[in-house]
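Beneath this line is the structure, given in structure tokens, with notes to follow.
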Amino acid sequence: VLTSGYYSAGAAPGSGVCREARNGVCVQYKEEVTDRKEGPTRVREAQTGCTAETSSADHCASGKCDVTIGGKTYCSQCAAGYVPIDGTCTQVGVNTNGKCLKAGGQPLTDDTQCGQCGAGYFLHKGGCYQFGGEVGKLICTDPSTANSPPTAGTCTTCASGYFKNPTQAANKPPCIVCNDTTGDGTSMGKAGCATCEPPESPGVAKCTACLDSFFGTGSAEDITCAPCTGDCQTCKGTATQCTSCKPETNPYWKKDTNLDTGTCVSEENCKAGSTYFPTTDKTSQKKICTPCSDAANGGIADCQTCSTSGTAVTCSACTTPTKKPNADGTKCFACSNSGTTASCDRCSADGVCEACASGKVLTPTLLCLDDCGGLPGYYADTANKRCAKCSEGCKECTGAATQCTACPAGKRLAYANSADYGTCVEECAASTGSASGSCRTCGASIGGTKYCSGCSVGAEIPVNGVCQTNPSRAAICAEPDNAGGCNKCAAGYFLLEKGCYEAAKQPGVQVCKTADGGLCTTCASGLAASGGDCSAQTCHASCRTCSAASDASKCRTCADGYYRQSSDTTDGECQRCSQGKEGCTLCKYSSGFICLSTDPFSGGSGDNTADPSVNKTGLSSGAIAGISVAVIVVVGGLVGFLCWWFVCRGKA
């Protein structure tokens, strides 16, 4: 409503004064709206105060953009010709009439602040704010209606952070900020106070909580707030007992043991010692320096020491000796230094080893042992601390997958110069030619591989199953037959099928353990050779070495797939590995049963316990017996019925 008539807010001249009207009253004046550009269009929005950088453009007096409401700053005093309405400098005139007055209630003249407010508005720090307005409701929560606006200077309920002024008058602020130590001159807040209770009569409010960067002392009913010091953003109890940290210097809060306060540290100091790591608290979003075991904030449960790469945390040690981290350092598992995890350095699950301590190697059954002995087809990969498979061309190897020490049937080992390993090549093949090194007859068979028993060149002899040239013959063969063979070998060799073999090299090691005088004296089985012959000196199939031929009770060491608890200096029987652990195919006994390999279809694993009443299907013996009886009964009944049916039908 303007003087002497009614005007439309949607057309001139009313639109030049009022942007929006309701119930005959302008609720948003032109000066209360600014515009901004969004892409190709301009967008109208209500003014929301001032900033120190734009105060002159907002007509705010220098240094007077100093009123904080709801996290934004507003003006407390304007340049000449303007006064603060809802914190925004508004030109004195029709837009301020009835809202902003002098302290005695007179109209404005050259004033730049409000001394008193009209109906529907209240005074706050030099400006008049509308009841129920976007800014005003952040101070006084009382609503406003256009038809019956609240009385100026009164407020029923002040917003949090304000207290109700005991003196309610149009020229007095109805709500005073809890930390405003000036107030209206007779009633005031307390320094550093965040929330408070009003005094019963003009005076100082009673503080109930302090602002951030302050800590409280005194009674809970009336706290005295003092500023935090040092790196503390917030504190409790004393100025240096931090509850959060300033972001500038040492931004990470490190909690003190058994307290809810702490100290502020840098990222580097947080990482020192490797027992803490820097991160952001997922609940409070503040920067914290937290223990490696803080799983709620990205740490790893039960982790003692850790490192970080970006936001990823890697555990290097767990809190107790019975737990160890997995290889990736993402979790701690039960991994004690006993039983199946003895000498284990990392576990991939509770009780499941995946990496061994220094000096140990991991077997395929996930046990940590000194070496891979007793596990054919594997070698000790010391760099990776595990038993690794030999290449497909090797039966056994050492040091590397392709450094063969034994070959599969049909292949022979060709040593690499003076090394104790070599490569597996094709077995002996008879030749009709007379080339040096060629073999006329492949009559020797060791471990399923053919070796030469007569060379094509008469002056050559088979040495370790391969024809050797004349210069080396004299040192190996004491009596050559000059027909491509040898009748008596020199010292250090033994005679086999017209060839001379070393007991310490392949393939002779498969036949003879010791040799003397050109003959084998002790067979690989541990039995004495008969006139240099070991062909009849074989142990029982369960024995590797023995004290008597073909006697299962005379084993000294066991064949692959068997084990015994006694030492190799006494006789005894060897038990199948599957008797020590269901599904175990390779094993040994060293201070206890150790399974080295399992049948992949048995469901067995590398642990050393087994229930003998359970077979490879996982069913107990009792269950299998019950099923068998049931099947017999059903089949018997069916056969009886069919016989009766056909007999009766035949008679009919």
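Placed from the backbone N, Cα and C atoms, the Cβ positions cover glycine too.
TrEMBL entries are annotated by machine, without manual review.
Taken verbatim from TrEMBL:
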DOMAIN    49-90  domain 'EGF-like'
DOMAIN    227-265  domain 'EGF-like'
DOMAIN    334-369  domain 'EGF-like'
DOMAIN    389-425  domain 'EGF-like'
DOMAIN    533-575  domain 'EGF-like'
TRANSMEM  623-647  transmembrane segment
Report, as numbers and ranges, every residue of the chain located at least six residues beyond the domain 'EGF-like' (533-575) whose Cβ falls under 8 Å of a Cβ in that stretch; write 'none' if there are none. 376, 511-512, 520, 523-527, 585-589, 593
How many of the residues that make up the domain 'EGF-like' (533-575) does DSSP mark as helix, as strand and as coil? 3 helix, 13 strand, 27 coil
Averaged pLDDT, computed only over the residues in the domain 'EGF-like' (389-425): 95
Pull the DSSP breakdown for the domain 'EGF-like' (389-425) and write it out as helix, strand, coil residue counts. 0 helix, 15 strand, 22 coil
According to DSSP, how is the domain 'EGF-like' (334-369) divided among helix, strand and coil residues? 3 helix, 16 strand, 17 coil
